[in-house]
Amino acid sequence: MRLYGAVAASSFRRYATYRVATAAGVFTNTVFGFILAYTFIALWSIRPHLGGYDQAQALTFVWTSQAMLAAAALLGGGFQQELQERIRTGDIAIDLYRPADLQLWWLASDLGRAAFQLLGRGLVPLAVGALCFDLALPSSPLVWLAFLASVLLGLLVGFAVRYLVALTSFWLLDGAGVDMVSGLLCLFFSGSLLPLTVFPGAFGDVARMLPWSAMLQVPVDVLLGVNSGAGLAGSFAFQGCWALVLLAAGRLLQGLATRKVVVQGG
Amino acid sequence: MVESPVVQGLRAYVLIVGMWIRSTMAYRTSFALTVLGNFLVTGLDFVAIMIMFWHTDVLGGFAVAEVALLYGTASASLGLADLTMGSASRLGRRVRDGTLDTLLVRPVPVIAQVAADRFALRRLGRVSQALLVLVWALSSLEVAWTPVKALLLPVTVLSGAAIFGALMVAGAGFQFLAQDAAEVQNSFTYGGNTMLQYPPTIFAKDLVRGVTFIVPLAFVNWLPALRILDRQDPLGLPGWLDFAGPVVAVGCCFLAGLAWRAGLRSYRSTGS
């Protein structure tokens with residue numbers, strides 16, 4: 001356990017090193033926050049209560065998703081390309097004979113990264129949004145705690161999906177195609193373009209059941225207090241189930257990969 | 001006869017681009033798939049706009065076909081700029097690992113090499129997706145066409161591409177100073193593109209003023225598109241400004257050239 005703590009801590013420090021890049025990312029997230037906020041205002045002033053949100057909640061959705069974009073690696077980034085590259089070059093062999101579990105190692109490293117990006121790239125955009133717009137941020141610390149728990153579960157789901165995608169490199173070697181498909185699905189079905197509650201009809205119903213909705217839509221809904229009591233427990237259960245299923249699938253695929261596949265390289 | 005540096009640079013650019021296209025075409029299936037992927041990824045924001053219009057008939061007073069005209073022009077401009085100059089955003093990496101030195105010793109203008117570096121033909125995906133939306137918009141709009149308007153449309157797309165291209169070059173110049181800050185320019189290019197896809201009426205006046213007078217993005221498509229649609233612009237600017245796109249584009253390119261030169265002069269190699 002201490003080992004994985006150390007991996008997470010060093011990953012946190014690694015991302016914290018690039019201060020200018022972080023500042024640049026904060027600036028970009030803030031600019032996009034402003035642009036999207038105005039488009040949401042335009043839509044919600046015509047259709048108040050669209051998707052079950054009032055305007056303040058819709059704006060909170062915009063700014064919270066900008067704050068979470070980097071941490072949840074919704075636009076890529078994170079460990080995926082790094083792991084793929086190690087599989088492609090054969091460096092993965094070194095990782096496999098380390099006395100540490102491959103999946104837990106990368107999970108710890110990804111959580112360390114996410115922890116930094118949540119603080120480093122999340123706080124400022126959310127604060128700017130709260131200063132410039134009328135947001136529906138909760139005052140109860142309990143809701144914020146529930147939000148953080150939901151973010152953590154969302155990060156687990158996100159990691160599990162990206163781990164599965166990265167492991168396909170054992171068979172495909174070049175991950176570009178799978179990356180593109182997975183990036184596309186993530187962008188659209190996480191709710192980072194539009195809240196999934198706005199998606200029409202049965203399409204929306206399906207979108208809200210998919211694992212990507214656990215990465216952004218569910219945590220933001222928890223922050224907005226859309227569900228309370230049993231509904232909140234349901235949100236956690238939804239995220240927890242996807243996290244368990246996908247992490248288990250990752251473990252299975254990892255077992256297959258390490259048993260059946262000849263590692264690249266001399 | 002001595003060739004001017006511009007001709008020399010353009011020829012080098014074409015040669016390097018040709019080399020990268022040949023290398024891309026070695027893997028045809030992969031190329032086709034990445035173009036398709038690029039097409040779909042960029043299409044997603046149009047899907048988002050369509051979902052918005054599933055819930056409403058007008059956004060900021062604009063109907064769906066009018067927003068599609070804004071979307072098509074902005075996205076086509078960005079797509080063309082990204083296709084021809086987008087590689088310049090990789091400059092920060094070359095500064096960091098020191099490989100820019102190789103470009104400096106070659107007898108070709110550095111900007112031509114940087115812009116053609118790893119030329120990605122797959123970016124045609126965005127251009128074709130944007131043009132498709134533009135064609136759809138034009139076919140469903142009832143515009144009172146005049147020769148002036150018909151000429152304004154292609155000129156708008158091209159000068160918009162030049163404005164975005166100038167932003168990319170200026171951004172590349174900035175990366176000499178702040179190597180890790182490559183993301184800042186995304187705010188202006190991709191962020192600007194997202195903004196221009198929507199009607200100017202939905203944004204705060206100060207924001208619209210900012211993208212008119214500080215970063216002249218409004219000339220990419222807002223002002224000319226409003227003229228084509230016979231609409232007033234929210235700032236009430238004089239009408240001749242709608243035709244100022246090409247002049248603004250030339251001005252932007254000139255300033256971007258200065259920024260690029262200043263950046264290149266301040267370059268210190270990592271020495272490795």
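Here the Cβ of each residue, glycine as well, is placed from N, Cα and C on the backbone.
Annotated features, as they stand in TrEMBL:
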{"type": "TRANSMEM", "residues": "A:20-46", "note": "transmembrane segment"}
{"type": "TRANSMEM", "residues": "A:58-79", "note": "transmembrane segment"}
{"type": "TRANSMEM", "residues": "A:118-137", "note": "transmembrane segment"}
{"type": "TRANSMEM", "residues": "A:143-172", "note": "transmembrane segment"}
{"type": "TRANSMEM", "residues": "A:184-203", "note": "transmembrane segment"}
{"type": "TRANSMEM", "residues": "A:223-250", "note": "transmembrane segment"}
Per the Cβ under 8 Å criterion, with at least 6 residues separating them from its ends, the transmembrane segment (A:184-203) contacts 50-53, 58, 61, 65, 69, 72, 74-75, 158, 161, 210, 212-213, 215-217, 220
When counting Cβ pairs under 8 Å to the transmembrane segment (A:58-79), the leader among A:118-137, A:143-172, A:223-250
A:118-137
Range from A:20-46, A:143-172, A:223-250 with most C-beta pairs under 8 A to the transmembrane segment (A:118-137)
A:20-46
I need to check the long-range neighbours of the transmembrane segment (A:20-46): which residues 6 or more away from its ends have a CB within less than 8 Å of a CB in the stretch?
53-55, 58-59, 61-63, 66-67, 69-70, 120-121, 124-125, 128-129, 132-133
